[in-house]
Amino acid sequence: MFDSVMAARAASEALRRFHPKALVNKPILFCLWVAAVLASLEALLGAAISGVAPLLAWQLTGWLWLTLWFANVAETLAEGRGKARADSLKANLSQLQARKVTGLDDTEGQWVAAPSLRRGDIVLVKAGETIPADGEVVAGIASVNEAAITGESAPVIRESGTDRSGVTGNTLVVSDRIYVEVSAEPGQGTLDRMIALVEGAKRQKTPNEQALDTLLVGLTLIFLLVVATLPWFLGYNGSQVPRLYLIALFITLIPTTIGGLLSAIGIAGMDRLVKLNVIAKSGRAVEAAGDVRTLLLDKTGTITFGNRMADAFIPAPGVDKARLAEAAALASLGDNTPEGKSILVLAALPGCEEAPGDEVVAFSAQSRLSGLDRGGQRYRKGAVDAVLRHLGLAAGEAPEPLMQAVDAIARQGGTPLLVCQGQSLLGAVHLKDIIKPGIKARFQALRALGIRTVMITGDNPLTAAAIAAEAGVDDFVAEATPEKKLAYIRQEQQDGRLVAMCGDGANDAPALAQADVGLAMNEGTQAAKEAGNLVDLDSNPTKLLDVVQVGKQLLVTRGALTTFSIANDLAKYFAILPALFVAAYPQLGVLNLMHLASPQSAILSAIIFNALIIIALVPLALKGVSLKGSASALLRRNLLLYGVGGLVVPFVGIKLIDLAISALGLV
């Protein structure tokens, strides 16, 4: 998980964070720093004043400082994993130049420094030039290489007036030229947000982190009051406890484990999001993703591949299937749509291509037909009503078995096409929405976590129901409009469920803004990107599934380690409380369940374990807790593993450390 260079850099950076200014926003670690400073003063005073042997005093002090260092290392290791990404992004923020124009009729413009651009400025970018800032294409069409942002080398098309009008700064125009209206002020572009996201020092705490901080601070204040009043209670029977022991008691009482790992968990979660090429406008969106109960997904591009593909040839009565396949292939030579090309693939006829003298009839949206005239024969293929109209037939005049097959295709969620040769109907082609491989299994995994999946589609209810059943979604919204999407989201929220959705068009903006988690596509319109609270740089709608799992894993990891930390503290009480008070109250000796060698050994063992458990849990904090299984199974497993485990591990660990201390004569 870590290389030696990263570990060395994290260790060095952790030392620099010993300054109280770096810890003041982390209450538990700040208390640990104060305790370490007070312990150092006690050790300097010597045994005569502190009442603790110098060797033990310095060991306790050293381990308190090590505990703080380990907590800082956990945070710097988490930040270090994203530092390489941040450095790479900073390198991309070079001093770009921009051709600023006065309007869309200005073809020359004036060269200015890219950082001087403001929102609303218009720049002209030609082939071979770098887009200087985030914006929206307001005129033109171009092929853009976005490898600097997405890592994908294949160019993408960006065009004004479409849902693919959004462009990102520091990407390269490969061909043609475009006019871009700048949409981000300096320092607020996509690259700047990515850098801020991976640099943990600038990361704001999320609401759940703030709530957990409040709980931890409350527990700390309670334990501080307990420790501060102990000398007065013990004074009634003439007993005294050295101040250094009270400091050690305080540190073992407060939840230092989760306090030391809390920042690392949050940073690691954001780092996982950055690796997905998703930009979060705030940590609140990531946490909301973890609590999402309803997931709205567009059918096209998310559940299906987006283009319907030929799945089967269905011949009319008395027609050979091979003849139908040949006619369909010939009629598709003039159809350059993905559907037309898929018919050629399904027919698999070697040498099926235009010949001299052929007259190709290209597919058009108006005719909804394509075809080929060869040797006096006319081959046509197209929509059912278009082919029947071409033949001069009414629906009732076509062969009944063939029309029944056409109706069956529609009921199954497919699109039927008819094929004819001359005046003869040869049969139908079944165009099918191809469900993405593995998508059904992903929906099942989300369902196990208590998340409902809802398919959004413009198809009619019959087609939508068939595709929804095949994909395995829980519900669907057919003939969807922006108003329908918005109403559905509001209804879900009124029922107490958090909703996530993705979109790229201006018509998606209201729903993206209403949803608790709105994932906008980077290639989409500026309105969509401003409405959403997450932006996917790869413009891949299925990424929403990954975002939800990242958010869920973040919350589960934080909850699991909080459970472990509190259970951990309960076990440590059995080590240190009898050691501190057995002299004043011998009856407390029955609590020495571990039969530790001496009170001094017990105190030192508890402090050492308190430090080592933080560094031992760093890999888990950074990797995250596994989400396998249903929500109830996950809860049971985590309670067993991190609740019961949090009770058992300290008993074993402290006992082993005590044996080592006694054997080495350290007390």
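For all residues, glycine too, the Cβ spot is worked out from N, Cα and C.
Going by TrEMBL, these are the annotated features:
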ACT_SITE  ASP298  active site, 4-aspartylphosphate intermediate
BINDING   ASP335, GLU339, PHE363, SER364, ALA365, GLN366, SER367, ARG368, LEU369, SER370, LYS381  ATP binding site
BINDING   ASP504, ASP508  Mg(2+) binding site
DOMAIN    96-199  domain 'P-type ATPase A'
TRANSMEM  27-49  transmembrane segment
TRANSMEM  55-74  transmembrane segment
TRANSMEM  212-233  transmembrane segment
TRANSMEM  245-268  transmembrane segment
TRANSMEM  573-597  transmembrane segment
TRANSMEM  603-627  transmembrane segment
TRANSMEM  639-664  transmembrane segment
Least buried by Cβ count (within 10 Å) of the recorded positions ASP298, ASP335, ASP504: ASP298
Neighbour count (Cβ, 10 Å) for LEU369 (ATP binding site): 23
Pairwise Cα distance for LEU369 (ATP binding site)/the residue listed as 'active site, 4-aspartylphosphate intermediate' [Å, integer]: 28
Contact between the transmembrane segment (27-49) and the transmembrane segment (573-597) (3 or more Cβ pairs under 8 Å, separation 6+): no
Considering the transmembrane segment (212-233), which listed stretch of 55-74, 245-268, 573-597, 603-627 counts the most C-beta pairs under 8 Å: 245-268
Per Cβ pairs under 8 Å, the stretch of 55-74, 573-597, 603-627 packing most closely against the transmembrane segment (245-268): 603-627
Distal contacts, the transmembrane segment (573-597) - CB-CB under 8 A, six or more residues away: 234, 237, 239, 241, 245, 248-249, 252-253, 603, 605-606, 650-651, 654-655, 658-659, 661-662, 667
Cα-to-Cα gap, SER367 (ATP binding site) vs ASP298 (active site, 4-aspartylphosphate intermediate), nearest whole Å: 28
C-alpha spacing of PHE363 (ATP binding site) relative to ASP504 (Mg(2+) binding site), in angstrom: 28
Residue pair LYS381 (ATP binding site), ASP298 (active site, 4-aspartylphosphate intermediate) - Cα distance, angstrom, rounded: 29
